[in-house]
Ligand code: SF4
Ligand code: SF4
């Protein structure tokens, strides 16, 4: 009987892998189109020169950092119950997220064939260059950490030998605040130019990583790769809800502070967001945030896996909207708004990604999913004897 | 030596001649303007504010401000944009630009940097302007160069020579006898978004 179930699972997994592979190929086709026809294929423009790809980059850097924290904290603060899942978190940080984040940057830039200039001509005063170094170190740290955790699980090394690397991973995770510097260090962008941003980035990173871990655990529980008790999932849900509450407070206070004076550059941007062209997306963000918080926090005495899964998915949507709305509200409301000679790529507000941008992004996500599955299949990351049979 | 430009707002009539001169001189692709004339008036370009007969209109020509403390230079991850030490001009190296558009995000002066979203296309089949300009590139950011190619030939930027009202004055700010230094002397002026600390080299005379 057990054999039959396994076969069924295997074929379902295979089907998913085929779907992901097809989407990854589709993404590659979209990229090819974008490369040959130019970034005019996107809905980006002179004002909104950054869009979906940059938000994808922010979120996946966040997931990478959050996963590193998730993997490191149990060893530093002795949280025994989470230890079995740190291998998955570390691998998620190592491969899928860093690769996805890097790909989002690669597809965003006009001349990807020149990326080597990051190495030969890196500018130490550029926060984007710092991000490049961060992503590279995330990759190295999490690969090393994943390896150690696997060895630990196999009983080949002692737990104390993991501590040092856990500390490094923890520090690297906290340093995700550096990602926010790309935005928060810009004097030209007052909405981002605030100390709330680094904090908001750190919290969003943790929340996003927890949400992805919850979704993954749900899937892997079903396939028998791991056996995570529902109580543990519920705990992760509550923590995510608490983090989202802080995000909600940051978003609302920022808006109130901007709106209160009744005029000025912050006012213009926030009124655009709350009642202007950005309103639909903003109110969706509010609904998503509150729904995710309620679903994840209010679980009663017997938590339901389905509700937790729903909460985690909505939490990710909320985080996407937070980042995307903040980006747009600022880009569509630059410091100089006087009308003048029209240029190519003039403003069409609000920004909605083009089909090509969406296709390419789904392609990157699918590639990430394929890499995850490859890891689950080839490496010993799970907690049950079944692990290699996913 | 520090090149600077003064723009006399009392003289500017918003005729767009400098903008067109720049476009021709630098053979700018369709939809790209390094030098734009903004209108401080109504909701769209070249319209006045107020209600008839109490109308008012003011023009504000804006190109790269060749900042002494340029936000774009700090932001560029690969040093594709840099400040030339000998004369303070902020240069854009097309061959190095990876097209990340971070400089556009960083520059406070909206739209002075523009991106080639598609392969450059031109209104007419033959190239216009000076043969010495650097060819435009797909997927890169570009902006006003203070006509470095003309400076190298001992000429002034095209917009300066074209302005029919002599509203634009150019020269070396470090030389007290230069045209620009003399134009600024005794006049009241402002810099765009001075509070951002970029220290622009464009002086708006009022
Ligand atoms: S105006 Fe903008 S593009 Fe020009 S030097 Fe200053 S910051 Fe750079
Ligand atoms: S678009 Fe080009 S010049 Fe601008 S920051 Fe990126 S690499 Fe530098």
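Cβ atoms are placed via backbone N, Cα and C, with glycine included.
Please treat TrEMBL annotations as automatic predictions, because they have not gone through curation.
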Of the residue ranges A:221-240, A:241-260, the one that TrEMBL records as transmembrane segment: A:241-260
Stretch carrying transmembrane segment according to TrEMBL (options A:89-107, A:108-126): A:89-107
Stretch contact, the transmembrane segment (A:127-145) with the transmembrane segment (A:199-220), Cβ-Cβ under 8 Å, 3+ pairs: no
Region pair the transmembrane segment (A:199-220) / the transmembrane segment (A:89-107), three or more CB pairs under 8 Å: yes
